[in-house]
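Enquirer: The structure under discussion is supplied below as structure tokens; questions concerning it will follow.
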Amino acid sequence: MTERGCFITVEGLEGAGKTTCLQAIEQMLLEAGIDRPLFTREPGGTPFGEALRGALLDPQYRGLTAEAEALTVFAARAEHLAQVIRPTLDAGRWVISDRFTDATYAYQGGGRGLGDERIAVLERWVHGGFTPDRTLLLDVDPTVGRSRVAHRGDGEDRFEQERDPFFQAARAAYARRAAADPERFRCIDANRPEGEVAEQVRAGVADLLPVGGRP
């Protein structure tokens, strides 16, 4: 019987440095000899999910209700789980996702003010008890994150256009999630320089690697 793969999620606000984090993980898995890890993202990961992602990020839908937003995210997630994440893990491959359900608790539950209860109902329905093996939370001051986004110079999507109160609420929701599940979460100070963040990332996943592949 094929051993199930490992599922790692990377969470954080806009400008937290998730790209740097994912690159560090990719290099680490390569060095450890992990075969064909799959890197994916949320919302997205499937043609259906990517179409919904485009709508969610489009500034023309700025007035979308919080409820519609949460339901759209979970519609994309249901397809992502069924078509990509679960089959890949069952085949013994590792899956690394740029955001997952903790982001919904943060952005819709916290930032939009829906609270945890309604998100939890959707999670139970869509997940059926499924949860990541490890979540790396890149904790960044919203002011720092927004400054990084502004320096990219590629325009702001619908969420990047939000202001500090939204991101402060999302950050607080992330912190509550991490405090409630310390075994799964590894919190990383993403305000630090890129090299230091990469080192924290490597330390955050090292124990998941096969013994011979650990640094």
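The backbone N, Cα and C atoms fix where each Cβ goes, and this holds for glycine too.
Pasting the feature list from Swiss-Prot:
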type    : residues                                               : note
BINDING : Gly12, Leu13, Glu14, Gly15, Ala16, Gly17, Lys18, Thr19 : ATP binding site
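How about a rundown of where these features are and what they're close to?
Expert: Counting only same-chain residues six or more apart in sequence, the Cβ atoms lying under 8 angstroms from the Cβ of Gly12 (ATP binding site) belong to Lys18, Cys21, Leu137, Leu138, Asp139, Val140, Gly145, Tyr174, Ala190. Secondary structure from DSSP puts Gly12 (ATP binding site) in a beta strand.
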Enquirer: Would you count the other C-beta atoms found within 10 angstroms of the C-beta of Thr19 (ATP binding site) for me?
Expert: 10
Enquirer: In the three-state scheme derived from DSSP, which category covers Gly17 (ATP binding site)?
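Expert: The three-state answer is coil.
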Enquirer: With a 10 Å radius around each C-beta, find which of these binding-site residues (Leu13, Ala16) has the fewest other C-beta atoms nearby.
Expert: Ala16
Enquirer: Determine which residues of the same chain, besides Gly12, Leu13, Glu14, Gly15, Ala16, Gly17, Lys18, Thr19, have their CB within 8 A of the center of the CB atoms at the recorded ATP site, and list them by sequence.
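Expert: Near the ATP site, beyond Gly12, Leu13, Glu14, Gly15, Ala16, Gly17, Lys18, Thr19, sit Leu138, Val140, Gly145, Arg148, Ala190.
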